Amino acid sequence: MNRDTLDRRTMLKTMAVGAASAALAGCSSSGGDDEDGGDSDTSGDSGGDSGSNSVSFDGWFDGVSNYDGVVDETGESEVTVKVGTKGNGGNFAFGPAAVKVSKGTKVVWEWTGKGSFHNVVADGGDFESEQKSGEGYTFSHEFDGTGKYKYYCTPHKAMGMKGAIVVE
């Protein structure tokens, strides 16, 4: 072997390692632009406090990218949850994902018009909306009993489009 062959091999190996490193760095980046140019707010119009409410959902929110604790909206007569907010690899989330309300509160789910067709289906069968895709469509349910009400979007459940209402 001559010196030119070794140098060429060394250069090719170095380039391959550099390209692989750049590809991995791009995959693990935590920043980035929104695909649609919109904001990345996944909290909806809640206005409540989130975070430290330690409610167990028995793994319901495992893999749900926008779940960040329970937003406390107790005392409000009506609460809005956005349908089709940023999360789970696109606009496949409820915003906020989990809300605590008082008994008798009316929860209104409002479609953003993003992320294709969505619906709201109670895991226990207590309520179910139609599948809709347009912005501004709403579905509501009044929670008269205490407990945890888990719900999901049928077309995007496997992607992590899940939510919960905690009623005190």
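Any Cβ shown, glycine's included, is placed from N, Cα and C.
Keep in mind that TrEMBL annotations are predicted by a computer and have not been checked by a curator.
Record note: TrEMBL gives Cys153, His156, Met161 as Cu cation-binding, and the candidate from His118, His141 in that site is His118. Of all the Cβ atoms in the protein chains shown, 27 others lie within 10 Å of the Cβ of Cys153 (Cu cation binding site).
In the shown protein chains, 29 other C-beta atoms lie within 10 A of the C-beta of Met161 (Cu cation binding site). In the three-state DSSP scheme, His156 (Cu cation binding site) falls into the helix class. Across the domain 'Blue (type 1) copper' (82-168), the DSSP tally of helix, strand and coil residues reads 6 helix, 46 strand, 35 coil.
It is His156, among the binding-site residues His118, His156, whose Cβ has the fewest other Cβ atoms within 10 Å in the structure shown.
Same-chain residues that are not part of His118, Cys153, His156, Met161 yet have a Cβ within 8 Å of the Cβ center of the Cu cation site turn out to be Val83, Gly84, Phe92, Ala93, Phe94, Gly115, Asn119, Tyr152, Thr154, Pro155, Lys157, Met159.
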